[in-house]
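*Asks:* According to Swiss-Prot, the protein carries these features:
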type     : residues      : note
SIGNAL   : 1-24          : signal peptide
DISULFID : Cys49-Cys98   : disulfide bond
DISULFID : Cys144-Cys197 : disulfide bond
DISULFID : Cys246-Cys295 : disulfide bond
DISULFID : Cys343-Cys395 : disulfide bond
DISULFID : Cys445-Cys496 : disulfide bond
TRANSMEM : 544-564       : transmembrane segment
MOD_RES  : Tyr697        : phosphotyrosine
MOD_RES  : Tyr727        : phosphotyrosine
Amino acid sequence: MTFTFTALLCLGLTLGLWIPVLTGSLPKPILRVQPDSVVSMGTTVTFICEETIGAKQSYLYRNGNLQRRVPKNNQKPTNKTEFLFLNVGHQNAGQYHCSYKSQGKSSDYSEPLELVVTGAYSKPSLSAQTNPVVTSGGYVTLKCEPSHYGHTLILTVEGPQKLSWRQDPQCNYYTENCHVLFYVGPLTSNQRWIFRCYSYETNTPQVWSAPSEPVEILVSGKLQKPTIKAEPGSVIHSGKAMIIWCQGDLDAEIYFLHKEGSHNTQSTQTLQQPGNKAKLFIRPVTQGHAGDYRCYYYSSAGWSEPSDTLELVVTGIYNYHPLMLSGPPSPVVPEGGNVTLHCTSHRYYDKFILIKEDQKFSSSLDTKYISSTGQHQALFVMGPMTPNYSGTFRCYGYYKHTPQLWSEPSNLLKILITGQLHHVLFLSVMPNSTVHSGENVTLMCWSTYSVDTFILSKEGSGQPPLRLKSKIQDQQYQSEFSMSGVTSKLSGTYRCYGSHDSSLYLLSFASAPVELIVSGPIRTSDLPPTMSIPPDGLQRYLKALIGVSVAFLLFLFILIFILLRRRHQEKFRKDDEDAQKGKELQLSTGAAEPVTRDRGHQKRSNPAAATQEESLYASVEDMETKDGVELDTWKPPEGDPQGETYAQVEPSRLRRAGAISPVVSREQLNTKYEQAEEGQEVDSQATESEEPQDVTYAQLCSRTLRQGTAAPPLSQAGEAPEEPSVYAALATARPGAVPKNKKQ
């Protein structure tokens, strides 16, 4: 029974397939197209006609006209036929049908299929008239404007649903401008809404223009909101590039960046693989990019909530007059105090804003006009100072109607907070704390604690402090701040601080203060002469200097050697003279023979001079012979025409006693000698007429003789003397007894 029922069922099904054929009614085929029913010009298109098995031929029609006929292969029966079109154009656009034949009968036509070819006209424009971000279930208004007057407009949505809206335009016949407003909705968060607009002529509805730019409507969903941040920061100078990061769910497929108030999506990024971060570029930044931004992401689960708002500020828009930012006399301030920063400009702005470089602090104030200076300014009071206030600051100007468009930045001002490192630092000055203008000074800051950077600050200077990396020497960290050619402006009180690289603006406690005093310049006469030597000649100069030094030392050595040798020779000569003198004294003492002088050759033409000279020799001879006075003589050098010179007279003993004439002093003898040298006349007659007087003798000891020639006076006849007289000036050693009443 069961078998019979199964056999009858199979027979019924088989008959069901062939009953339409037997009755002359073939099943209607189904027509499809690949890749899409809307394609651009030049695309390859394939039509597929699906029919029943056993069809002998298949037919394809466009606008009721046969386009293709394809016979079926009985060896390989199939239930579909493909019609291929290469490089389609606007002539291929239209309404298509297909049919087939089987057992000598034709089937009905398939349902119509429109093939739309785009790119025949210029593209229209499409924009959102309301915020392109809506909540789920909301509506949006899109405006489409054709590029050709009178064209019908069509709005399409990308996706499997193939939604579209057609509408004739509203045209202004005077301006020939046409547009259509499409009110679309409700929009759900379970799909993407990407719209495009086309235009076409009424008589050729399948030949469209090129598509407009896409407009995607973001539907705020319920997925977790992403985070948003900007690099290098949300305040950026015009013309530079920036990156906006949006981080969301791991299943995110695409990210969107939207600027509030804009009718278009600012930027999108489709991820090749699902991920939780997107990198959205804006380059170069212009003033049109200023504003508030949010980002979204879409995944298979729908849309996310919007991120927090990111305010993007574009600077450098107004650059007529630079802004100035000034602060306390020293940028180094203690923790807990208050600091006032002044932002000034010659140009009017509605507001000034003070911002920290890391953008963790900002404050804006209305500007005030200062009539005395002709400037606009704002005073920013910060305090009490904490580590959060340390860093670099700038101020900008802007107007209320464009709060995200700022001026050029002011100068950079650094604020350093002290007392953050409990290190002990020391500061010393070399060569001295008091120097002359133009000299070089070195301030050394050091500590036994680990310090990455030393900071040298001058009280009240208003200048940024000096920074130097520390160096380890002698088991201590130190830095040397060298100042060459100092002036009086560098006089003042200095302190040094230390910091770590991880927190450059957080400083240690200050070192003990050091006062530097720079006095007036050194006088030029006190300075040694200097010479500027070019760097390329320094090597030659050093070689020449070494050569001169060696030559000088060699010359000095030779000079010392000659002096020592000469001194040695003088010593031996003196010893020889002393020995010779001793021998002569011994000979003169031992012989005791009278000393006679041959005076025959010293005849004078002047009788007075001759008489005086004879008296002198006679006195000396008489002293030797009568009184027992010993006489020592030295022979003059050979060739001396003056003969012997009496050098020393030494009394042995006194033979007489009686009246002694006064001793003749050395001055009197010298006076007589000088008168003789000057050639003064001697009154010989007065000498001859006077009575003979006693001659006074003095014991003399002379080591050196001075010889002079005296020109005697002319004789009465006017004749010159025959030869000059020679006299010897004797130095008196000590007084002694002399003979009395010795006549000349």
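Backbone N, Cα and C define each Cβ position, glycine as well.
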*Asks:* Calculate the distance in Å between the alpha carbons (Cα) of Cys295 (disulfide bond) and Cys49 (disulfide bond), and round it to a whole number.
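*Replies:* Just about 46 Å between their Cα atoms.
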*Asks:* State the residues, same chain only, that lie 6 or more residues beyond the ends of the transmembrane segment (544-564) and have a CB under 8 A from a CB inside it; answer 'none' if no residue qualifies.
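*Replies:* Distant Cβ neighbours of the transmembrane segment (544-564): there are none.
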*Asks:* For Cys144 (disulfide bond), just count the other CB atoms lying within 10 A of its CB, please.
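*Replies:* Neighbour count, Cβ to Cβ under the 10 Å cut-off: 26.
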*Asks:* Closest of the disulfide-bonded residues to Cys395 (disulfide bond), Cα to Cα, picking from Cys49, Cys197, Cys445, Cys496?
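*Replies:* For Cys395 (disulfide bond), the spatially nearest of the disulfide-bonded residues is Cys496.
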*Asks:* Once the chains shown are all counted, how many other Cβ atoms turn up within 10 Å of the Cβ of Cys343 (disulfide bond)?
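*Replies:* Step by step: centre on the Cβ of Cys343 (disulfide bond), count other Cβ atoms within 10 Å, giving 26.
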*Asks:* Between Cys197 (disulfide bond) and Cys246 (disulfide bond), what C-alpha distance do you get in Å?
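*Replies:* Per the Cα atoms, Cys197 (disulfide bond) and Cys246 (disulfide bond) stand 30 Å apart.
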*Asks:* Are there any residues in the same chain, six or more apart in sequence, whose C-beta is under 8 angstroms from the C-beta of Cys98 (disulfide bond), and if so which?
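*Replies:* Non-local contacts for Cys98 (disulfide bond): Pro29, Leu31, Phe47, Cys49, Ser58, Tyr59, Leu60, Tyr61, Thr81, Phe83, Tyr109, Ser110.
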*Asks:* For Cys246 (disulfide bond) and Cys144 (disulfide bond), what Cα-Cα distance in Å is obtained after rounding to a whole number?
*Replies:* 31
*Asks:* Could you round the CA separation between Cys144 (disulfide bond) and Cys445 (disulfide bond) to a whole angstrom and send it over?
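*Replies:* Roughly 73 Å, rounded to the nearest whole number.
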*Asks:* Does anything in the same chain, at least 6 positions from Cys445 (disulfide bond), have a Cβ under 8 Å from its Cβ, and if so what?
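*Replies:* When sequence neighbours closer than 6 are ignored, Cys445 (disulfide bond) has Leu425, Phe426, Leu427, Phe454, Leu456, Gln478, Ser479, Phe481, Cys496, Gly498, Ser511 within Cβ distance under 8 Å.
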*Asks:* Report, as a single number, how many Cβ atoms besides its own are within 10 Å of the Cβ of Cys246 (disulfide bond).
*Replies:* 27
